[in-house]
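Data first, discussion second: the structure below is written as C-alpha cells.
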Amino acid sequence: MNSQHIYDIVGIGVGPFNLGLACLTQPLNELSTIFFDSKDEFDWHSGIMPEGSTLQIPFIADLVSFADPKNNYSFLNYLKLHNRLYQFFIRESFFILRAEYNLYCKWAAEQLENVHFKSFVERIDYDESRQLYTVRVKQPQGEMKVVTKNLVLGTGTTPITPKFCQGYPEQIQSSADYLRHKKDYLTKKSITIVGGGQSGAEIYYDLLSEIDQHGYQLNWLTKAPHFFSMDLGKLTLEYTSPDYTSHFYSLDEDKRDQVIGSQNALYKGIELSFVNRIYDLLYQKSLHQPIPTRMMPNCALDAVEQQSNHLNLTFKNSDINKRFKLESEVLILALGYEYKIPECLTPIRTLINWDSKGRIALNWNYSINDDNTIFAQNIGIYSHGFTVPDLGMGCYRNAIIINTILGREVYPVEKRIAYQEFAPTTEEIVTPVKTTAKSHSTELSF
C-alpha cells in the first residue's frame with residue numbers, strides 16, 4: 001500500500017457486496033481500488049449455519065456472475081479449481097450450502113491483494129479543494145492514511161436487539177451467535193426463540209431435532225400473524241429484478257414505505273420446503289408422546305425481567321390484545337438486522353443526503369451525496385426496495401457503481417427482464433377531468 005497514491009475507490013467493510021465489487025474491479029486496469037475490514041478474515045454469518053443449511057437463492061447469484069459470468073471469481077470456477085464441480089452437478093441442487101458459500105467468499109478474498117482484514121477505519125475526512133477523501137486506518141502494524149476519489153460503504157448490518165434485552169449477555173443472545181452458544185443451550189431446561197424468519201426457523205428445527213436427548217422446553221414465538229413461507233413463485237421472483245427496482249425507486253417516499261410494509265412475504269418469510277420439514281419433524285417427534293414445545297404467532301416480546309435462574313418474558317398477543325408471561329432460562333433473538341451508520345463517517349456527515357425521515361437518501365445509482373462519490377451497499381430498502389440485501393442483486397448494484405465512477409458502461413446493466421409490467425406507460429395514464437356531473441366508479445377489487 002502506498003499512502004501517497006490516490007485510489008479511485010476505497011471500500012469500507014468486506015461482506016459479500018463489497019467483496020463482489022473487489023472481484024469485479026480486479027480486471028479493470030483503469031481503476032485503483034483498496035478494501036478494508038476490521039475482522040480477522042472474511043466471515044459471513046458463520047454463527048448461524050446449522051449443518052446442511054443453504055442459501056435461499058441459486059448459485060448463479062454469486063459474487064460476479066450476474067455482471068460478468070466469465071469472471072475468474074465465479075462460484076463455478078471456484079468449484080472447478082477445488083475439484084468439486086462434478087460433485088456439485090451430481091448433487092442436483094441450485095442452492096449452495098451456507099458453509100460452502102462462506103468458504104467460496106474466503107477463497108475469493110484470499111486471491112485479492114487489495115483486500116485487507118484486521119484494518120479498522122477510524123475516520124474519514126474530505127478535502128474540498130482537492131475533492132479527495134482521506135481515510136485513516138488502524139492496523140496491527142500501526143496507523144496509515146489512504147487518499148481516494150470515491151468511497152463505497154459495505155459495513156453491513158447488525159442484529160436487532162431491543163433496549164430492554166440489553167444487559168443480559170449470559171441469558172440473551174442473537175441468532176447470529178447461535179452456534180457459539182449451542183453447547184450451553186443444550187444444558188438448559190427451557191429455551192425461547194423470538195422471530196419467525198428463516199434464521200429463527202433453522203434454529204428451532206436444529207433444537208427440535210435434539211429435544212429428545214436433552215429434554216428442554218422449546219418455545220418459538222413471532223409477532224407475525226402466522227409462521228409464513230416466502231412467496232417464491234416465478235412471477236413473484238420478477239420483483240427481484242432491475243425492472244421492479246427502477247419502478248419502486250420512481251414512487252414517492254410515503255408510497256414506498258407503504259408498499260414495503262406490505263411485502264413481508266417476499267423477503268421475510270421461511271422457505272416453503274423448510275416449513276414443511278419443521279412440520280414433518282413435529283409429526284415424527286409426536287408419535288409416542290407429546291413434544292415439550294410451543295409455537296405461537298401474533299406474540300410480540302414486550303419486556304424482560306431477570307429472576308434468580310431464569311428470565312420472565314412478557315409478550316403481547318395481538319389477537320386478544322392481552323399480555324402474558326413465559327419463563328425461560330435463555331432467549332435467542334432472531335429479529336433480523338439493521339443498518340448502523342459507521343462512526344468513521346462523522347466528519348463527512350454533512351456531505352451525506354438525508355430523507356424527510358432522517359434516513360440516508362440514496363440516489364438511483366446508490367450514491368448518497370450530491371457529487372456521486374460516496375456509495376452505499378445494503379442500505380435503502382425504503383428507496384430501492386426489498387431486494388437491497390438480496391445477494392442476487394449485488395452484481396446489479398456493483399455494475400451501476402462501477403459504471404457511474406468510470407462514466408461509461410463497463411458492465412452492461414439489464415433494464416427490462418420481467419414479462420409483467422409494474423406500471424402503465426406515460427401515454428396510457430388518464431389525465432383527470434374536472435366535472436360537475438356525478439361520476440360512477442368502475443374500480444374492481446381483483
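Just so it is clear, glycine is given a Cβ too, placed from its N, Cα and C backbone atoms.
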| field | Same FAD site per Swiss-Prot - residue from F17, F66, F75 joining D37, S38, K39, W44, H45, Q56, V121, N378, P389, L391 | value | F17
| note | In Swiss-Prot, NADP(+) binding by T54, Q56, R98, S199, K223, Y267 extends, among L21, L24, L301, to L301
| message | Within a 10 Å radius around the Cβ, which one of these binding-site residues has the most neighbouring Cβ atoms: F17, W44, Y267? | response | F17
| query | Relative to the Cα of S199 (NADP(+) binding site), which of the binding-site residues F17, Q56, N378, L391 has the closest Cα? | reply | Q56
| Cα proximity to K223 (NADP(+) binding site), best match among binding-site residues F17, W44, Q56, N378, L391 | Q56
| Using Cα coordinates, what distance in whole Å links W44 (FAD binding site) and Y267 (NADP(+) binding site)? | 19
